[in-house]
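For reference, the structure discussed in these notes is given below.
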Amino acid sequence: MSLRHRTVPSQTGRPLAADAAGIEEEPYNIIPVNNLLADHPSLRFPEVRAAAAALKTVGDLRRPPYVQWRSHYDLLDWLALFFGFQKDNVRNQREHMVLHLANAQMRLTPPPDNIDSLESTVVRRFRRKLLANYSSWCSYLGKKSNIWISDRNPDSRRELLYVGLYLLIWGEAANLRFMPECICYIFHNMASELNKILEDCLDENTGQPYLPSLSGENAFLNGVVKPIYDTIQAEIDESHNGTKAHCHWRNYDDINEYFWTDRCFSKLKWPLDVGSNFFKSRGKSVGKTGFVERRTFFYLYRSFDRLWVMLALFLQAAIIVAWEEKPETGSVTGQLWNALKARDVQVRLLTVFLTWSGMRLLQAVLDGLSQRPLVSRETKRLFFRMVMKVVAAAVWIVAFIVLYINIWKQKRQDRQWSNAATNKIYQFLYAVAVFLVPEILALALFIIPWIRNFLEESNWKIFFALTWWFQGKSFVGRGLREGLVDNIKYSTFWIFVLATKFTFSYYLQVKPMIKPSKLLWNLKDIEYEWHQFFGKSNRFSVALLWLPVVLIYLMDIQIWYAIYSSIVGAFVGLFDHLGEIRDMGQLRLRFQFFASAIQFNLMPEEQLLNARGFGNKFKDGIHRLKLRYGFGRPFKKLESNQVEANKFALIWNEIILAFREEDIVSDREVELLELPKNSWNVRVIRWPCFLLCNELLLALSQAKELVDAPDKWLWHKICKHEYRRCAVVEAYDSIKHLLLSIIKVDTEEHSIVMVFIQMIELSITTEQFTKTFRVDLLPKIYETLQKLVGLVNEEKADNARVVNVLQSLYEIVTRQFFIEKKTTEQLTIEGLTPNDPASKLLFQNAIRLPDASNEDFYRQVRRLYTILTSRDSMHSVPVNLEARRRIAFFSNSLFMNMPHAPQVEKMLAFSVLTPYYSEEVVYSKEQLRNETEDGISTLYYLQTIYADEWKNFKERMHREGIKTDGELWTTKLREIRLWASYRGQTLARTVRGMMYYYRALKMLAFLDSASEMDIREGAQELGSVRSAQGELGGRLDSIDSENDQSSLSRATSSVSMLYKGHEYGTALMKFTYVVACQIYGSQKAKKEPQAEEILYLMKQHEALRIAYVDEVPAGRGETEYYSVLVKYDHQLEKEVEIFRVKLPGPVKLGEGKPENQNHAMIFTRGDAVQTIDMNQDNYFEEALKMRNLLQEYRHNHGIRKPTILGVREHIFTGSVSSLAWFMSAQETSFVTLGQRVLANPLKVRMHYGHPDVFDRFWFLSRGGISKASRVINISEDIFAGFNCTLRGGNVTHHEYIQVGKGRDVGLNQISMFEAKVASGNGEQVLSRDVYRLGHRLDFFRMLSFFYTTVGFFFNTMMVILTVYAFLWGRVYLALSGVEKSALADSTDTNAALAVILNQQFIIQLGLFTALPMIVEWSLEEGFLLAIWNFIRMQIQLSSVFYTFSMGTRAHYFGRTILHGGAKYRATGRGFVVEHKGFTENYRLYARSHFVKAIELGLILIVYASHSPIAKDSLVYIAMTLTSWFLVISWIMAPFVFNPSGFDWLKTVYDFEDFMTWIWYQGRISTKSEQSWEVWWYEEQDHFRNTGTVGRIVDIILDLRFFFFQYGIVYQLKIANGSTSFFVYALSWVYIFAVFAVFLVIQYARDKYSAKTHIRYRLVQCLLIVIVILAMVALLEFTHFSFVDIFTSLLAFIPTGWGILLIAQAARPVVTRFRLLWNAVVSVARFQCKRGSYSMKLLAEDFASCRLSLARNQKAMSKVIKKETVLKVNGSLKVGWLCGDGISWRRFSERAWIEEELEVIYSVRSVSGIIYIVSVLRGL
């Protein structure tokens, strides 16, 4: 044990000497800093006392006036009294500083000479790190830093004052913490005032000693924080909760970037000038700063213009070259080179520079138009730069055009490429060289990145002037270049990707399109089947032919990225040694090196910690190789080093104990997995039983085969297998010990056994065993011994039977075992027979079995019995797949490269922070037992999918005294609720997992400081994880025993029994867990169950702290807000409040989660903070590696040390359902292979929100661990990664440690999650972070960044647009007649498109997710299993799910960019065990999937009915297969993946509910779940904040629906082949007529249907007669036919839908005409009803098929087919024509029948009228 500790009680104590010190006793958080005499384990560290003493060095500092100075005040109190900080803020930061300084001093190497005083280097390093951003800010603005400290003359007290001042400002800044440079500005001015006080300056105005401008109680909060906070709040209020356009209000970033310019000093001043235009409340504010966010897709071009320039230029060049190729000459490569040699082609290629300059002009214009609000009197230079950019770009494009025209003019004059023409070309090239100077310079700086970093990071004005033209001045985004090695790695990756992409694009995209394009371009005498507006030109047709090709060309880099990243990710994983141990079989091969691996990686070794030279690193690598591959047989060393073996046993057994507590292994499996204590003097390592099973039998078979072999050879063959050798030796030693234990010592039998054992050991020693004994008799002896051990192991052992077996064994040994038969006399002489054989039976009175309470003896007997009897290799131990996965991953990780673990005292301290709002903490009894309509409860569901874990849980409960399952609900209700909660996504599961850190640190602290005697005695004391008490004393009879009653006490069978006391203090100093329960205060006030459960969690976990926002009424209708930290005091047995820091107002100004994290951040401690979501888990064995992970901060990764440590996730919800499995597989590939490649080699890994570990002080001073601006930061987590990268941080990824993560498990939950992520990415497109990264990263990192963030979603949308472009283009060609003419001329057009569109099919099947999944599975589970998993996923319709998800992402991404509407969508994270109604599915998917699918389906039908190509069914299927798959997936997925989705009765009830929802108009408080009309209005909410441009864009997109009508009306028989425009114009007469009829019916219904119903019927009758007469007239006098009716439906239904969409977009205008708007609503309701009815009919077809197969006769009797019949002329049935009347219904639905008859009577039932007209015409 360390000399720095004294033995203290294991429980933390209260301050016992508070009164003696004269200090008021206060509750403390981690250590009682105010009372250093308290009996607390952390106060045993001299570093804590040294840090606290350093803060006490007030010395001769001038005392604050107007207050009484007390003796116990320290430097922080001194600062608070001068500057007006809050008392609890001071207390909080005091503990914060003491903990950090003490931990930092502990890590000093070598340790300081005087451990009782704080080292100046510790303070200096802390100050430099904490204030590094402030120093950089001062340098950037050209201001002199107010940190007046010289490195030559260190002043620790002054440094502590600066650090304390900054932390006090930060601790009380509230929402201002999101604005780091604002805090820098505040600190700069307050540090200036501090300096004047320290220098004893006088006030210039009064001549008195200088005092701060603000002082007094809460002066800082009221005078500094509150005014800025009020400005933020005013901006948020003006934004209308973030729905107003971003360009009209300032967010956090805008306000923070105000402090990036000098004007903050000249305008804002100090103390703050509240009259400044910075403050919102004082007239017109300063407006946007730094960047303006606008809703437009052009921002994708603005941010990533280099990418689009590259794609555009190559496409242009490829088309030019391919157009001039001569296909009939030479090879493919030869054709290309021949074309390039042509001078005409070379000159035409120069047009790429015209395009390039034009794109530069577009970029400059977009910059000027979008960033116009930034221009003001204070930003004149910005305006000048914008104008000059536009002018320069315009000059270049004009210059290139003139020079290019001159080239061709000269050529035409000379009629050849003369020298003059060549000189013109040279002139153009000279201009190109000048044009490319910036690009060449950028390339040079890319090759030597450190020069670029120096130029950008330097704050010299000359460098600002040089770079001003190319990039605007910005505080962030400087010096982002990586090192040369990383440069080469990610550049090589992208060179391969781009080379492959461009080669593929040229030969398989561009080149195949040239010939059909030429044919179509030159096609003459086309017979157009409509009125052609473009004359006889085919340019539009050619453009439509190329459109899908171009779209695929623009997005297929995503495919190549997926392929190459999968390959590279697999290689990186292989080099990281992932997947080397995949299952228990492979673990058996490596387990013999396992103990040494644990010792090498998890146990600290000082000589390794201090070794940094190349030689030591080389030795370290050699050692790892030996461990990994078994060189040098490290297990031999383990056998001789018992301390190492005992440490390994303690760690391994604690892991198995954690498994048992989690119920993922049974009691029997614990015995098979544990490492038992060596209580029977076994001479070898006692490996876990599951490793030794079957080995003894194999050894016996070897002995039987080698009967005549000498001892040495036989033993050599056995020793080839380590486990076999150990099994033989352990079995022998155990049998020897067993026999000597059960036979009384003073008996002749005992002497006989001893003699025989000595004979055997002598023969073994002299290598005469095979010559002395019959080896072939060993199996018989083995069987007898097996019987003996089995009898001893029985619950109630029978001594008589034991005696009989011993007698049989004696006879075999003495009469048969010796090769040379021995006579009785010889046996007597050798002592193998009793002195008087006739006096008694041998062994009859010599047996005495140990008492049943001797648990240790019978445990060893059970182990011996298992070794003797097991006849399989036990690859299925443990049975639970999760336990096997965790063991395999943990064991594999120990053979991966990871930093060496320091001692716990010397490790970096860290915190875990979890935001929580109102999610489930622990499932209640009602939640578990309430059943769905199908009779399924949550508990039953969990018992089904976790059957083995439920069995283990009941086994544990029975061991604790529960006799029957019924008692569980009465005496163990809490245990049941916890068991279920630990399998859901609850706070209880997260807290349990995170608290494993605390448990692991305590154990590791014990192992670090324990002496060799402590370890050995501890191993003897614990032995195993079984309780030594053995109250129940039960024993197992076999491996499969079901009635194990043995004891396994969780409270007493842990290594914690060995703790000396200091382990608690060490763990508390190194780990803090804060859960930010934002509304915990209101939950307590309302006595909600969540508050009670949170209190229960605090009781169970002493290191858990709860932070919440308390709202306290302050009178006059005002409310005060406080950030509060509480804990549970186990001595007082109540919750106690630790800190209460007043806030300037409500916490939630921006997004909720980051605001919640931000308010609790001040209560975290340590050098690092791990962000954990509320749906995560952790594992004890992974917690052991946390100190290794934190050591990564000490190593460079590239040219920088990391600031975010990325951690691997395991998705634990994959077993819940097929959808959960799909989601789990997709997420797993993203968080493993995807993140691995992003970190290495691409160097663009960001932060994705979940288990990453932040450098706490780095982020503390740079804006925190997330961003919170409303809406724009809806994906708050990823902006932490953006911010980190822009500010020069480094994000790494480490896969030797993992954290559990839950995902959504139902389709609706997943879709809402996908919608949130897609909307967040839509907002990211508009953000300044993405723009700056797109411009500041080098070209290749920019590509990586684009295709792994917003580019993925953009390309997903491009896939959908490709389908649209392809289908609309084909419909255009079919309806216009171009396709018919082209088909008669050539078929090359379709052949060219076939290859290209195959890419879209690959994408649609989910290549983006499938390929990385397969590669990752292959890496970690094996190739064959990966293929089998993929096949299973396809069988379970994963392609349908991924296609459906693709539609979700595309819809919400595009809509968010155009219209906004991004919001947090609570998915619930619960188990999906109940059926979701059609109404809910329709609300969720109508706009995103159903409507689009119907539109695409309609296009396909129109194409099938009017295309000459469609007559060939094979060609039609080949061209439209993927599109039909998409349509079916989008329509059917909500039914396929819905529990009981095709149950017939549920389908019927769903439709009833849907019709009720459709017709219920709702009231003021009606929700969208209750009324279609309310939902319909909510779906238009995104238009409320859409500008005029957005509405116009939407209207333009909606005009596509009118194309159906234009194309189809010319195909009607009534048109009689006319192509006049009047045909189309007259078709609108029908539209207006139908709409007029609808308006008349609506008016008549509203006016007459209630009171004078007969008039309403009369109006209907008149309208029917008029329509009938009109139709009869058309039939008689025109070419009109009934086929035209059905054909026209394909035209007019889309027209109606288009009118509705345009009316919604133009709602402000349409609503002025109330009647018109009401008609729009009615038509929308009608179309919704009809469209949904069609989808339900499709679902009913599925249901009826399933019904006929699965329903029995009783269920069939409940439904009946019913027809609505309308008799005409007494006998005509037209119900089959009136499609509304046919369905499966129940008899009692008379209201439904009346409604459907009403529909038939009305004009809406067109088919009925058609039949009536036909009857009348026949008459």
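The backbone N, Cα and C atoms fix where each Cβ goes, and this holds for glycine too.
Residues annotated as domain '1,3-beta-glucan synthase component FKS1-like' in TrEMBL: 157-273.
Panel annotation: around the transmembrane segment (386-407), residues 347, 350-351, 353-354, 357-358, 360-361, 363-365, 367-368, 371, 375, 421, 424-425, 427-428, 431, 435, 469 of the same chain, lying at least six beyond its termini, place a Cβ under 8 Å from a Cβ of the stretch. As annotated by TrEMBL, transmembrane segment applies to 386-407 (among others).
Per TrEMBL, the feature transmembrane segment maps to 428-451 (among others). Note on the transmembrane segment (428-451): residues 350, 353, 356-357, 396, 399-400, 403-404, 407, 470, 481-484, 487, 1338-1339 of its chain, located 6 or more positions outside it, place their CB under 8 angstroms from a CB of the stretch.
Through the fold, the transmembrane segment (490-508) approaches residues 314-315, 318, 322, 332, 482, 553, 556-557, 560-561, 564, 568, 1241-1243, 1340-1341, 1343-1344, 1395-1396 of its own chain, all at least 6 residues removed from its boundaries and within a Cβ separation under 8 Å. The transmembrane segment feature in TrEMBL is assigned to 490-508 (among others).
Sequence-distant contacts of the transmembrane segment (538-555) (same chain, six or more residues past either end, CB-CB distance under 8 Å): 311, 315, 505, 509-510, 513, 516-517, 520-521, 523, 526, 1354-1355, 1358-1359, 1361-1362, 1365-1366, 1368-1369, 1372-1373, 1376, 1378, 1389, 1393, 1396-1397, 1399-1400. Annotation comment: TrEMBL describes 538-555 (among others) as transmembrane segment.
Here TrEMBL flags 1345-1371 (among others) as transmembrane segment.
The transmembrane segment annotation in TrEMBL covers 1515-1537 (among others).
Residues annotated as transmembrane segment in TrEMBL: 1621-1644 (among others).
Among the features that TrEMBL reports, transmembrane segment is placed at 1656-1675 (among others).
Feature annotation from TrEMBL assigns transmembrane segment to 1681-1703 (among others).
Same-chain neighbours of the transmembrane segment (1345-1371): 300, 304, 307, 544-545, 547-548, 551-552, 554-555, 557-558, 561, 1234, 1238, 1242, 1244, 1246, 1278, 1318, 1321-1322, 1324-1325, 1330, 1333-1334, 1337, 1379, 1393, 1397, 1400, 1403-1404, 1408, 1446-1447, 1449-1450, 1453-1454, 1492, 1496, 1499-1500, 1502-1503, 1506-1507, 1519-1520, 1522-1523, 1526, 1600, 1603, 1607, counting only residues six or more beyond its ends whose CB sits under 8 Å from a CB of the stretch. Remote same-chain residues near the transmembrane segment (1681-1703) are listed as 1491, 1495, 1498, 1501-1502, 1505, 1594-1595, 1598-1602, 1604-1605, 1607-1609, 1611-1614, 1627, 1630-1631, 1634, 1675, 1710, 1717, 1720, 1723-1724, 1727, 1806, 1810, 1814 (criterion: CB distance under 8 Å, separation of at least six residues from the stretch ends). Within the model, the domain '1,3-beta-glucan synthase component FKS1-like' (157-273) carries an average pLDDT of 90.
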